[in-house]
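**Student:** Please read through the structure below; I'll follow up with questions.
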Amino acid sequence: MVQPAMPPLPDSGAWSDRLARLLVRHHLLALLLGGLLVLVSVLGVLRVGYTADNRVYFGERNADYQAFERLGDIYALSETVLFAFVGDTDLCTPPVLEGLRDFTAEAWLLPDALRVDSIANFQHSESRGDEIIVESLIPEDGALSAAQAQRIKRIAETSDELLNRLISPGCRALGVSVNLVPEGNATVSRTEVARIARSLQAEWQDRLPGLRIHVSGTVIGDAAISAAAERDTRLLVPAGFACVSVLMALGLGTFSGWLGTTLVTLGGALATLGFAGWLGIALIPATAVSPLAVMVLVSASCVHVVLGWTRRIAEGQDRTAATVAAVEENLSAITVTNLTTAIGFLCLNFSESPPLAQMGTIVSLGIVVGWLLTVLALPAMLLRLPDLRFRPLRLSPAALERLAGFALNQRGILTVFALLFLVSLAGLAQIRFNDSPLKYFDESFAFRTDSDAIEAALTGIESVQFSLDSGAEGSVFAPAFLNRVDRFATWMRQQDDVVFVGSLSDIVKRLNHTLGDGGPGGHDIAPTQAANAQAMMLYELSLPAGLDMNQMLNIDRTQTRVVVLLRDVDGQAIVDFADTAEAWLRANEPAIATQAVGFGVAFSKLTQRNNRAMVYGMLTVLVLVSGLMILTLRDLRLGLVSLVPNVLPAIFGFGLWGWFVGEVNLGSTVVTTMTFGIVVDDTVHILTHYRRRRRHGLEREEALRQTFRTVGAAVMVSSVAIFSGFAVMTQSGFALNQHMGGLTALVIVLALLTDLLLLPAVLRRTNQ
Amino acid sequence: MILRRLLFVIAMLAAGAGAALAQTPEQRGQQIAARADAVATGFGDLQVSGEMTLRTPTGATSSRRFAMKTLELGGGRETRSLLVFDWPGDIRGTALLTHAFDNRQDSQWLYLPSVGRVKKITGGGRSGSFVGSEFAYEDMVEQDVASFSHLWLRDEPCPNGAGRCHLLQRTPRYSSGYAQQLVWIDTAALRYQAVAYFNRRGQRSKTLTMSGYRQYGGRYWRPARMTMVNHLTGKSTILEWSGYRFNTGLRPGDFTREAMAR
């Protein structure tokens, strides 16, 4: 797609002039070609699908995610649905507990449910004489008495296996957790499970009006992902399109130019969606906004051509001559700018996260289509459609010249930018990573509000897990091993963000307590492996179908899974906890040291991995684009000068973001690479025109004034259009898009300011 | 015992009278199940060794070994069995005693050698995972005909390739880990060839397949291998029986709480 040869150079006038004339003479044929191009790519739109799967963010080779998958294989873990009953008073009353029991029974009917846990079916163990009674904490049928309800509450509240997971202190909230069968064995789609879970929630909300029922879990989160993607493509992309279109109309001041631009950008956007379909890329929120990005970027090229055209018509040229001149004048510049933008996006392929790489690929393809359409279809529109001039909303050429003069002569500018640079560097230090699929959604999603309510009232949503290996001991029931596990669990319970720790050691202690008839000294880990194993065997033989120990023990009973629930944590806190816990194990219990595993852990680390990967992406873009600039300008010094307005905006942007927002996520990590190709555009336009005038023997100041007069309007109009398009993305309910849009918009504005104010000041001080 | 013999005779007579006699699918199902039960029971006592191989979808395996003794009492209305574990080592000597009755709930006791005590088990023990395997205790032992209502669906080839089978649907009359089962009983010798288990939401959760049937004492057919596949988790367990011995002279005294510790 990218032209292998060197791009056309300015001042090689002869051939760009010939090409422009050719395009104008055969403009209908060119239009037809453009139309065919759109048609072919757009057919792919039919194949576009959305995916409801959080796992797509991970590449095949992501080690953290592989560890998470391995854990799932060993303990038959998969996705979850978590229901919570939340009330303002003590919920441990006979009617609510009976409701919880019936709800628990109904939750088993969710398609593909593997296991359901609540305090209702918690297998409480009790010793009566020589009889061991293991039974559901809430009797399976019959009405409850107030005394029974109190007993149930007392037992549940004091159980380390239940408190802060399935019951809150004071019984203000109760949970029902559903584990699903592994994806490969599923009989219905997870989206369907989510839908049925929601209808179960609604039905029971009517039956139990005195409390609130919330639903969360990974299944609900996945459903929210595809809902967000659909919402963004259905609302945000059209809104962005409307916004850019209105701005174009205001800025261009010509009907034909406006309609031409609109059609070309629409073609580019549709082609982007089409490529997603052809390449078999399932859209997620992060990729769903790709057409919007293409739309605004393609519009920038059109603006330059259209404004060049209107300027010439205003100067009295006829339509054909004006079209030829406008195409000729911009052909090389828009080729270079589209090429650099495409390279910027293509380098998103360095990303560790496939959706971001995919976005890079389809956007760069869309840009290439947009560029071809600008060249092929726009001239026909300018020639054939009614011009219909109106007064545009933009700076007049005279005002632009005054701006150039100001930038050249105002000595304070360098100082101001130097200060801004320092402030930005300090701002970079304020940046904190926050990646959590849960926190990606804003409050407009029920998934987010439900999850927040559950975290506030009942438990933590983020889980971190450790698969502890008994190693030399050879069995999880070895007392030395169980004591290690117990010490680790005890340590974790003391950590700030931890609300719950589920550990085998607690169950073994409880069983020994039961076996020892509840007497003193019984509440302990037995001194022999046989005693612990046999206590567990007694318990296992008593468990009903579906409530076995297989999600905590591997089949040969040499490994056990410890689950930790963290409350209200951001991505950084998850990684910090994982690191601290791993370090504690290495230092204090090296025999069972292992890796902290979890979806949240893998996701949070993904951003860090992605950041490292994107450094290479950034360097590649920097080298390629700067090389291209130097070749285009055929001027090493000017090429080096161009680095200033190209690199600084990203530093300013992230610096200010650090001060005002602070949080960045996976979406932000690609902004630098992505925006580099975009911000370069204005620099290319300004510097090519400037250099052309300098070649014609103009003084620096005069050359710059004329450059501003010629391209200033186009640079401003296109920057405003790009800014507004990305600003629309901030209205997404999904943080990846909010941040990507917000940061990019910020960088674009800062790039415009840098180009208009700092670049002249730098050029003035450069010896040539 | 007399009842069973009687049923068997009636069944034979019915078969002899020819298929022309109209039967409802319920009657037919009940009859086939009763005949299958009749040919499998009446052995008196039995000793056998079992070895389970547990397997995860990724290929990890683990084994459990035990010896099992069974005694029929009261004309088949009561069955006593004692299962003593040999492996894994930390549960060696642990013994599970079951008194199963036709018309009332079973009783189970576990002897724990580590503390030298016998504990009576009260709970859902017969339907849950047996020592971490895909078998429930109720899947491993002979099922009492009276515990189910049967419905004959059709005759078709056995799913494990063992010739032709009667396909019955059976619904538990009492509490069970399953809502329904499909059983395939071969037409040649009325042996259980396969069982499909369905959970409460009607989803097939497990499938049991028998193989390696051999006839002992010229009369009793027993499988050498039972394979249970869990369709929900993808895990499976193979249970291999070996050293079948019939009529070894076991007595009720071998199936008491006191006998467990021996």
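A Cβ is built for glycine as well, from the same backbone N, Cα and C atoms used for every other residue.
Curation does not apply to TrEMBL; its annotations are automatic.
For A:28-50, A:235-255, A:262-286, A:292-310, A:363-385, A:412-431, A:613-633, A:640-660, A:666-687, A:708-729, A:741-763, the entry in TrEMBL reads transmembrane segment. The domain 'SSD' annotation in TrEMBL covers A:638-765.
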**Student:** Mind pulling out the one from A:235-255, A:363-385, A:412-431, A:666-687 with the most Cβ pairs under 8 angstroms to the transmembrane segment (A:28-50)?
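**Tutor:** Against the transmembrane segment (A:28-50), the leading stretch is A:363-385.
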**Student:** So which of A:235-255, A:292-310, A:412-431, A:613-633, A:666-687 has the most C-beta pairs under 8 Å when paired with the transmembrane segment (A:363-385)?
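**Tutor:** Maximum Cβ contact count belongs to A:292-310.
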**Student:** Which of A:412-431, A:613-633, A:708-729, A:741-763 shares the most C-beta pairs under 8 angstroms with the transmembrane segment (A:235-255)?
**Tutor:** A:708-729
**Student:** For the transmembrane segment (A:412-431), give me same-chain residues lying six or more residues beyond its boundaries with a C-beta closer than 8 angstroms to one of its C-beta atoms, as numbers and ranges.
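**Tutor:** Residues 648, 651-652, 654-659, 662-664, 754, 757-758, 761 contact the transmembrane segment (A:412-431) from elsewhere in the chain.
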**Student:** If you run through the domain 'SSD' (A:638-765) with DSSP, how many residues end up as helix, strand and coil?
**Tutor:** 111 helix, 3 strand, 14 coil
